[in-house]
Amino acid sequence: MANLYNNLNLIDLNDYSVSWWEKLLDRAHEIMADPSAYVESCKGKIMGTLFYEPSTRTQMSFQTAMLRLGGTIIGFDNPATSSVAKGENIKDTTKIVSGYADIMVMRHPVAGSVKAAALTADCPVINAGDGGHLHPTQTLTDLLTLKEEKGSLEGLCIGLCGDLKNGRTVHSLIKAMSCFKGTSFVLISTPELALPAYIKDVLSAGGHPYKEVSSLDDAVGMLDVLYMTRIQRERFASPEEYEKQKGHYILDKKKMAKAKESMIVLHPLPRVDEIAIEVDDDPRAMYFKQAKYGMYIRMALILTMLEENSLKVPLITGKVHNHQKCSNPLCITHKETYLPHYFRGDGTMLECEYCDERTLVE
Ligand code: CP
């Protein structure tokens, strides 16, 4: 039976109110001020970390966060060492682990996979990145970094540069920052790696000014924040297509010289070559500090999700249309074919509940 009204998942940050995010940011600030006060906060609790895709920061910061709260961890960081290698589906693996753990963190290479897991899980599920779709806890990390380093989340001009098509951190951050007054966006990419239409719709709906440009050199001087991203090699259909895009944007000292003194550089990491090592010593380079903020916000998130019992956030708001296929070939419904085909909306256009892609009614 699907868990359509499970209230304790974090699949998409925008399922929650801005005031809920702000409470998390305040809590992370308090934890940073006195981490020792929290060493027994999750004593006796177990977190399951299911990483079907490689990770350094997200996995280890979640694990460290739970250990620093006095809890313990189980899980895998390589599905090849679990029964996934024998052909077990997401539903069965996550159902079992959710019976062992009090909270579960999952990363998977396919869009919509974590929502699929949450549909039948028996404990709260946190999305640690689902394919090229969303990465809500990276966004919480980014929001904490912006709040701590810029003092406010309002009135910022944010440049996002690189793989805006496949970068799930970009999609989640734009959705979140569109909720704050005075945000404007500069989208810096090649035409091939431009932002998907459904995320542009978020910008238009919020009335936020944005421009699409191809030159980082021309854009860097107008920014309060530059969010650099890696070209996501693993999301390309062929190595040749990746080769055409790689190395296009490189932030170096010369470009930093054109930026405001107050601009900060963020990057979800890992980097490949898009930020030259020479930039690391610039006081505006905030990406290593950003990764550390990620541990504190995840401590706040784990604490809050294990305590929360009042919120009601439905996982699914649409209806089943089993005859209809999602237009996104990278959607989980094409891989795990037992999943009900949930879509929002009606008329000629439907939105997939798992990956958010729009699909013309067949
Ligand atoms: N930012 C981020 O998601 O890094 P990892 O892939 O190392 O977890």
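Every residue gets a Cβ built from N, Cα and C, even glycine.
Taken from TrEMBL, the feature carbamoyl phosphate binding site covers Arg57, Thr58, Arg107, His135, Gln138, Leu269, Pro270. Per TrEMBL, L-aspartate binding site is recorded for Lys86, Arg168, Arg230. Sequence annotations record features per position, and here TrEMBL assigns domain 'Aspartate/ornithine carbamoyltransferase carbamoyl-P binding' to 9-148. Under the heading domain 'Aspartate/ornithine carbamoyltransferase Asp/Orn-binding', TrEMBL lists 154-304. Annotation source TrEMBL lists domain 'Aspartate carbamoyltransferase regulatory subunit C-terminal' at 320-357.
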In the chain carrying Arg230 (L-aspartate binding site), residues 6 or more apart in sequence that have Cβ under 8 angstroms from it: Gly162, Asp163, Gly167, His267, Pro270, Arg271, Val272, Glu274
Entries of Thr58, Lys86, Arg107, Gln138, Arg168 (binding-site residues) sitting next to ligand 1, with Cβ under 6 Å as the cut-off: Thr58, Gln138
The domain 'Aspartate carbamoyltransferase regulatory subunit C-terminal' (320-357) - residue tally per DSSP class, helix then strand then coil: 3 helix, 9 strand, 26 coil
Listed in sequence order, residues with CB under 8 A of Arg168 (L-aspartate binding site) and six or more positions away: Gly129, Asp130, Gly131, Gly132, His133, Leu134, His135, Gln138
Sparsest Cβ surroundings (other CB atoms within 10 Å) among the binding-site residues Arg57, Lys86, Arg107, His135: Lys86
Nonlocal neighbours by CB distance (under 8 Å) for Leu269 (carbamoyl phosphate binding site), same chain, sequence gap 6 or more: Thr56, Arg57, Tyr287, Gln290, Ala291
Local confidence of the prediction over the domain 'Aspartate/ornithine carbamoyltransferase carbamoyl-P binding' (9-148), expressed as mean pLDDT: 97
Tertiary neighbours of Thr58 (carbamoyl phosphate binding site) (same chain, Cβ under 8 Å, six or more apart): Phe51, Val105, Arg107, Ala128, Gly129, His135, Thr137, Gln138, Gly294
